[in-house]
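Trainee: For 20-38, 89-107, 119-149, 169-188, 200-222, 288-309, 321-342, 354-375, 387-405, 425-447, 454-473, the entry in TrEMBL reads transmembrane segment. Per TrEMBL, the feature domain 'Major facilitator superfamily (MFS) profile' maps to 25-477.
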């Protein structure tokens with residue numbers, strides 16, 4: 001029963017229209033993903049620019065200029081100082097997510113977005129003006145604080161504003177914005193690398209101010225969600241906002257369920273302590289395991305270091321940056337596949353298909369690199385082999401972009417009861433950022449020591465996480481977030497943790513089990 005069965009809830013349909021107001025507010029909120037995406041894309045391109053390496057990381061630059069053929073191709077970029085430039089952002093985002101949790105709960109989701117945008121803007125200015133490594137890393141830390149605030153508040157905002165039947169597609173606007181940010185960053189790097197005078201890297205880093213301004217200004221004009229208004233005691237405002245976003249005056253049933261959830265939330269004085277209770281075990285587990293597995297797919301090996309990776313395996317400077325642009329385009333367009341299917345085929349199906357496709361691609365890339373460079377890392381790639389690696393990486397990126405990329409943010413943001421929602425999302429972001437930090441800090445060293453086996457290493461995690469989803473994640477499509485406990489209650493494993501009084505609207509709801 002456990003593996004082959006999916007639990008579905010005959011949950012209430014509150015009705016209401018898909019209003020332009022909701023679409024526009026979700027679109028504006030989703031731009032918070034731009035700052036994260038731009039940063040993911042920009043750092044790898046900048047660290048492959050000779051002028052940037054020569055100024056800040058001369059030891060790496062010296063190894064890159066060694067064309068004797070005796071240098072280990074896997075180890076040319078192995079520098080802990082260089083990886084600290086990339087990874088410092090993510091440890092800062094980890095810490096900031098906990099501060100953002102308090103801000104989000106007390107002052108609302110939009111305030112967290114504004115704070116995050118302003119701090120990210122300051123960091124981008126500091127990076128663009130950097131004269132030494134200390135300035136670079138300080139700027140990255142401020143960028144990290146901004147990312148921590150945005151990633152904590154935006155997915156929650158989107159899940160609360162969207163109607164259940166479109167929650168998946170609208171929430172994925174955040175992931176789409178991330179992919180757009182990555183693509184724009186890759187295009188910017190490709191252009192600035194050609195600037196005469198050696199200051200192209202400054203332009204790349206400083207232009208992070210643009211998505212920061214877009215998010216900050218947009219967030220100022222966003223309305224608060226009904227859930228957030230109720231959480232802060234504004235009951236009448238919450239009802240008017242619910243009527244506005246549903247395009248319907250008759251919202252009493254949904255509003256009463258929101259009130260019920262809010263009243264349950266207010267009884268919880270210590271969400272950080274309460275999230276450890278057995279009744280929240282499935283949500284806590286998912287808020288840890290999903291972001292952990294999302295990062296250990298190995299995707300950030302591609303996103304952070306795509307130009308570096310392509311350069312390492314034989315592409316020239318311009319070719320490596322253009323290859324990163326190609327993978328960025330694939331990443332963006334594949335996200336539309338997920339947007340169009342997530343609320344029809346469901347979360348589980350996309351998770352499982354994406355995992356299988358990523359695993360196949362990683363195994364093949366590892367085999368090709370092993371055949372061409374061996375364990376010594378000495379050798380070269382033919383043009384046909386390089387193009388095959390590029391194709392496999394694009395196939396891998398596309399699988400991630402319609403599965404673990406967007407779903408890694410969507411599913412955790414939609415499963416938490418209101419009383420632990422801010423704490424749960426903070427855990428989700430902090431685990432994500434910690435794992436991102438680990439990958440960013442260790443990848444180049446791991447590539448140097450594990451060689452082509454690194455792709456098998458991440459492939460092993462992809463296999464494990466696909467099995468985990470098959471057995472332990474119930475289908476959450478079309479389920480109102482206030483009724484999410486219903487599906488956990490009926491799950492073969494998690495049901496024993498959910499008490500009867502945790503199922504909101506149980507007298508309205510019946511459950512059924514169906515074969516996949």
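Keep in mind that glycine also has a Cβ here, set from the backbone N, Cα and C atoms.
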Trainee: Return yes if the transmembrane segment (425-447) and the transmembrane segment (200-222) have at least 3 CB pairs under 8 Å (sequence gap of 6 or more), otherwise no.
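Mentor: No, the transmembrane segment (425-447) and the transmembrane segment (200-222) are not in contact.
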Trainee: Counting only pairs 6 or more apart in sequence, are there at least 3 Cβ pairs under 8 Å between the transmembrane segment (169-188) and the transmembrane segment (354-375)?
Mentor: no
Trainee: Grab the same-chain neighbours of the transmembrane segment (454-473) for me: Cβ-Cβ under 8 Å, and only residues 6 or more beyond its ends, written as numbers and ranges.
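Mentor: The answer is 2-3, 285-286, 289, 293, 296-298, 301, 347-348, 351-352, 355-356, 358-359, 362-363, 365-366, 369, 404, 411, 443, 446-447, 493-494.
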